[in-house]
Amino acid sequence: MTAGPWPLTAERDADGGLHVGGVALSELAREHGTPLWVVDEADLRERCRTYRAGFPGVEVAYASKAWCTTAVLQLVDEEGLLVDVVSGGELHTALVAGVDPSRIVLHGNNKSLVELDRALEVGVGRIVVDSFEELDRLERLAAARDTIASVWLRITPGIDAHTHEYVRTGHDDSKFGFTLSLGLADRAVARARDLEHVEVVGLHAHIGSQIFGTDPFVANAEVMLDLLARWRDELGVTLAELNLGGGMGIRYTHEDHPVEVARYGEAVLHAVDERCRRRGLERPRLVVEPGRAIVGPSTLTLYEVGTIKVLPGLRTYVSVDGGMSDNIRPALYDAEHEVALANRLGADDPISTTVVGKHCESGDLVREHASLPADVAVGDLLAVAATGAYTESMASNYNRLPRPAAVLVRDGQVRTIIRRETLDDLVARDVPLR
Ligand SMILES: Cc1ncc(COP(=O)(O)O)c(C=O)c1O
Ligand SMILES: N[C@@H](CCCC[NH3+])C(=O)O
């Protein structure tokens with residue numbers, strides 16, 4: 001089981017039932033209901049460790065936008081990762097999780113005054129400045145608090161990573177950061193020099209997400225080191241820190257072949273050291289910022305099969321009890337996730353099915369071409385792989401579906417880390433007229 005996109009401890013028992021963390025998924029469905037996010041704790045911790053080992057001497061920050069819930073943040077914190085947040089809500093979650101503020105990095109292309117001020121109040125480690133307005137705002141807020149904001153400038157390095165258009169961030173025409181080719185980065189560092197309460201200590205560049213191959217990451221590192229060298233030579237500005245962002249692709253289906261973290265680390269660090277040698281730079285204090293690669297593969301979503309609609313000569317629709325409200329990725333990015341029957345092995349001859357959710361949208365797909373046993377039936381359980389990243393964190397209540405629960409499994413133990421939403425939760429913020 002583990003060779004595919006499934007969590008580390010996933011295995012089938014003698015009857016063909018799927019287990020994760022030593023617990024049968026059918027038992028989890030009985031106890032906790034469906035849809036259910038099942039997180040393999042061993043897998044999640046292992047990925048944190050693999051990342052740290054793959055980038056020796058480099059700080060690893062978890063991009064919490066991938067899955068920002070207290071238990072997940074506590075796990076990655078225990079594993080020694082920094083936590084990157086992009087909003088007051090993510091910051092609050094990290095603080096509630098008990099993450100030391102100095103180990104938090106605040107991102108965002110449009111941080112509010114309240115968010116910036118809160119970051120200064122609690123003393124987050126670094127604020128990643130995205131715009132000229134933000135430099136000015138930070139100067140005013142930090143002066144009022146009689147403090148100094150330690151910041152990285154977010155640079156848009158002009159690197160076009162070949163990934164889905166919606167998740168590219170390093171190309172020139174991007175809403176994020178100071179565009180290097182248009183001279184905005186140079187203007188930003190010049191502006192920052194005039195500020196008394198903002199100290200630029202480093203640079204940041206993130207080129208996009210779900211990227212396969214090492215070349216775009218290497219190119220990003222080279223561009224950023226060239227910039228550090230040029231600013232040293234032209235402006236006498238020496239910056240000691242460099243955050244190279246996240247974006248490493250993961251395996252969602254058997255057809256995906258991502259690079260191993262160790263190879264990615266080797267390639268980037270080799271390029272960094274080579275460039276530093278050529279430019280006569282000391283290796284800056286490096287940070288990388290993965291989200292998806294930490295949590296994505298650790299989790300599967302468990303659904304129950306409801307309606308099955310056979311359209312002879314066309315296709316077979318298999319409907320499950322969740323859909324785009326708990327995983328928007330297929331609808332938004334045409335993303336594909338492996339699907340498997342979870343409660344039994346099923347008939348030998350697979351058929352091609354279209355697994356869909358229960359929402360009022362034809363685009364409410366779980367997987368367009370899912371190979372499932374021909375005898376898939378109402379009441380069966382389906383497991384959908386690699387749903388730890390950008391599913392719960394992008395979940396909604398569309399069609400007023402309560403959001404699912406999440407459980408953490410390890411060595412036969414089960415802990416609820418997010419309770420299932422109730423119908424009362426759904427109306428809790430409504431203010432009725434009568
Ligand atoms: C600034 C920044 N850092 C890190 C990440 C994490 O990306 P990924 O989940 O692809 O590793 C993102 C999301 O793309 C991001 O915008
Ligand atoms: N939500 C996207 C990734 C966004 C990356 C955030 N900057 C996905 O599921 O692929």
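The backbone N, Cα and C atoms fix where each Cβ goes, and this holds for glycine too.
Record check, TrEMBL: pyridoxal 5'-phosphate site residues include Glu289, Pro290, Gly291, Arg292, Tyr390, and the candidate from Gly247, Gly323, Gly357 also listed there is Gly247.
Taking Lys65 (N6-(pyridoxal phosphate)lysine) as the reference point, the recorded positions whose C-alpha atoms are within 10 Å of its C-alpha, out of Arg292, Arg329, Cys360, are Arg292.
Of all the binding-site residues listed here (Gly247, Pro290, Gly291), it is Gly291 whose C-beta has the fewest other C-beta atoms within 10 angstroms. Of all the binding-site residues listed here (Tyr333, Tyr390), it is Tyr333 whose C-beta has the fewest other C-beta atoms within 10 angstroms.
Cα to Cα, Tyr390 (pyridoxal 5'-phosphate binding site) and Glu361 (substrate binding site) are separated by 20 Å. Sequence-distant neighbours of Cys360 (active site, proton donor): residues of the same chain at least 6 apart with a C-beta under 8 Å from its C-beta are Asn399. With a cut-off of under 6 Å between the Cβ and any atom of ligand 2, the binding-site residues Arg292, Arg329, Glu361 reduce to Arg329.
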